[in-house]
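For reference, TrEMBL has these:
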{"type": "TRANSMEM", "residues": "46-68", "note": "transmembrane segment"}
{"type": "TRANSMEM", "residues": "88-105", "note": "transmembrane segment"}
{"type": "TRANSMEM", "residues": "117-136", "note": "transmembrane segment"}
{"type": "TRANSMEM", "residues": "164-185", "note": "transmembrane segment"}
{"type": "TRANSMEM", "residues": "228-249", "note": "transmembrane segment"}
């Protein structure tokens, strides 16, 4: 909380765009801010936007599984020191997974739409395989307070390897799934204000899903039921994401126009920006 408060206070030191001057003497693009009323109207409209409705199940699922993974896998199966060690590798797997899927989606081996569809298929196959491993693991215990053989410590070797690999894979899957969603959202529009609303919608639904998942766990819903819901939510989201890519992601960007100091600047995604005058 202290770091968050300090970070919020530091934003007061950020220069407004109108005062930013580049090394060559030119000024940054003037930013036109919308009104709170406009933003409220646009945000409400997102709940009737077919693109966001296709994103909604994936957004809900993208943090929903944290409760199950953190509380009912890492939190139940391992000793305290092993939980900490596992989390190091969980977030390390996230760094690797996000870099891998990001490079794959941005590498120009095919059209953007085709890359998106292949990306959805790859994440779906990987996610299904990982949740399949999760099912095998979940069948070995049903009660948070009664793990067969006792809590697992990282020094136990063979007994530790399987659950550790599963938890590591959960981190990998999380990063690849969320990075895929961000990539798809980023390909839906060129307007930064529109994209900021799309991402805000995604993060809002994501947080709501996480809050519901925590409540489900506190009401002692069975571990297998929580597992099935998590796997089902992600599986349901894959075809909707593929449909969104097919219908809304264009293979090439059209020219994007902006205005700065009264001069129109046109830029194409695949060419170098024009010079500022």
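Each position is counted from 1, following the chain as shown.
Just so it is clear, glycine is given a Cβ too, placed from its N, Cα and C backbone atoms.
A Cβ distance under 8 Å defines the sequence-distant neighbours of the transmembrane segment (164-185), meaning residues of its chain 6+ beyond its ends; these are 55, 58-59, 62, 65-66, 69, 73-74, 86, 89-98, 100-102, 105-106, 116, 119-120, 123, 126-127, 130, 133-134, 137, 154, 195, 198-199, 202, 234, 241, 244-245, 249. With a cut-off of 8 Å between Cβ atoms, the residues of this chain six or more beyond the transmembrane segment (88-105) that come close are 74, 115-116, 119, 122-123, 164, 167-176, 178-180, 183.
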